[in-house]
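Student: One structure is given below, represented as structure tokens, and several questions about it will come after.
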């Protein structure tokens with residue numbers, strides 16, 4: 001029974017739960033790695049060993065957090081759980097492929113962890129640039145194992161993307177148009193399209209790197225007529241859409257949370273929200289070289305990428321102000337998910353503003369590869385994506401389990417987490433402006449103060465993670481059952497009770513055609 005249910009599952013709710021649990025474990029691994037980084041940097045001098053070990057930890061931290069924490073939880077966990085419920089589908093379009101998408105991830109994580117354990121590990125950074133990632137600077141199997149790990153995670157995401165696109169377009173009730181689906185559906189649809197278009201390019205790039213390393217090809221080796229800059233273009237053509245893949249489902253979740261706790265039946269400016277997400281998805285593909293301002297591109301090329309990058313701020317602003325407009329004039333229910341959503345809106349906006357700064361190619365020459373960049377993307381990831389995940393978890397936990405989290409504990413947890421991440425990442429702006437470079441395990445004494453502050457912040461975040469584990473245990477232990485859910489007519493995922501039965505919508509939902 002256990003084996004057929006959890007290993008061979010074709011049920012979207014069970015697979016979503018598997019994704020959630022996997023993401024939680026990977027999140028703890030990624031958090032542990034981040035604490036190793038902050039411990040090393042808490043004061044000048046060496047702690048763990050040389051820079052190779054340090055960079056292996058940094059690389060593993062990035063890969064684990066991106067591919068095994070944020071994406072599995074947001075897309076695999078929330079996507080699987082909510083999308084069929086929100087559109088009235090009995091399950092995903094391809095339930096067995098859905099199962100394979102999940103089970104490709106544990107071996108992928110295993111390969112990634114193995115890459116750290118053999119030879120000297122892959123100390124390349126998550127970008128895996130040659131020639132550092134070539135077979136001279138990284139002899140041995142480490143980088144090859146990392147590449148295979150990425151291949152598996154990539155195949156998993158591509159299959160998942162196909163599944164989500166098919167489900168969202170094809171499994172709605174016949175009278176329901178795409179413009180009647182909730183915003184979370186749209187966010188995952190756009191995300192899936194981005195995955196489908198960007199991952200094959202990454203696969204091509206890392207496959208060429210694999211053959212450069214093992215089969216004597218010279219795609220990225222000038223000695224044989226290749227060009228390492230080609231790899232950068234291929235990687236970032238995937239890498240930039242990837243960061244939007246990480247945040248877009250969060251946008252969808254935040255829209256639902258803000259509308260729900262404002263007591264509104266719908267978010268402000270539904271169509272604007274939809275088009276903003278589609279615009280972000282499109283623009284995300286034509287700005288990739290802003291990661292490469294320092295490699296010597298023509299001035300007109302740099303001018304274009306600066307301008308195009310800044311244009312993304314417009315649809316993003318549409319979303320931020322629509323969230324604020326949704327809050328306006330509502331009957332605000334100050335529950336924990338709303339706190340996460342408000343934290344998201346504020347901190348994501350701060351991260352977006354530093355992004356505008358970095359979009360200026362001339363400024364980026366100075367700030368590239370400094371802690372200013374680290375601060376920027378951790379504001380949008382560690383306080384954007386993670387806050388969205390936390391808000392979504394606290395909001396939908398009763399739906400997924402049938403139990404309620406402790407109201408006071410979750411609020412305290414939010415406060416601790418908010419303090420921790422801000423104390424960790426805000427000082428890094430100062431370090432970057434003062435010229436401290438990324439990816440070094442040691443630094444001049446002048447940078448000591450803010451690094452120490454940052455590392456103390458990371459310990460506060462650790463306390464928050466441990467608190468959250470306790471909060472989950474407490475909920476399953478106390479077993480407070482859900483009494484009533486408000487506004488189910490505009491939040492249809494709650495219609496079947498908490499938790500919903502194993503199979504929902506076994507006969508098609510009736511949707512009144514618009515007059």
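Going from the start of the chain as shown, residues are counted 1 onward.
Cβ coordinates come from backbone N, Cα and C, glycine included.
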Student: Have a look through 441, 454, 455, 458 and flag the one Swiss-Prot assigns to the Na(+) site that 40, 45 belong to.
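Tutor: Na(+) site check in Swiss-Prot: besides 40, 45, the record includes 441 out of 441, 454, 455, 458.
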Student: Do you know which of 233, 240, 328 Swiss-Prot groups with 290, 291 in the Cu cation site?
Tutor: 240
Student: Determine from Swiss-Prot whether residue 405 and residue 298 lie on identical sides of the membrane.
Tutor: no
Student: Quick one: which of 447-478, 479-510 does Swiss-Prot have down as transmembrane segment?
Tutor: 447-478
Student: Is it possible to get the count of other C-beta atoms within 10 angstroms of the C-beta of residue 61 (Fe(II)-heme a binding site)?
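Tutor: Residue 61 (Fe(II)-heme a binding site) is surrounded by 20 other Cβ atoms within 10 Å.
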Student: So what's the mean pLDDT when you look at the topological domain 'Mitochondrial matrix' (401-406)?
Tutor: 98
Student: Can you give me the residues near the recorded Cu cation site, meaning same chain, not 240, 290, 291 themselves, Cβ no more than 8 Å from the center of the site's Cβ atoms?
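Tutor: Checked against the 8 Å cutoff, the neighbours are 236, 239, 287, 288, 289, 292, 305, 309.
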Student: Would you list, in sequence order, the binding-site residues among 61, 240, 291, 378 whose CA lies within 10 Å of the CA of residue 368 (Mg(2+) binding site)?
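Tutor: Those close enough are 291.
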Student: I need the CA-to-CA distance for residue 378 (Fe(II)-heme a binding site) versus residue 369 (Mg(2+) binding site), whole Å please.
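Tutor: Answer for this pair: 14 Å between alpha carbons.
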Student: Using C-alpha atoms only, work out the spacing between residue 369 (Mg(2+) binding site) and residue 61 (Fe(II)-heme a binding site) and round it to an integer in Å.
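Tutor: Taking the Cα atoms only, residue 369 (Mg(2+) binding site) lies 17 Å from residue 61 (Fe(II)-heme a binding site).
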Student: Kindly assign residue 369 (Mg(2+) binding site) to one of the three DSSP-derived states: helix, strand or coil.
Tutor: coil
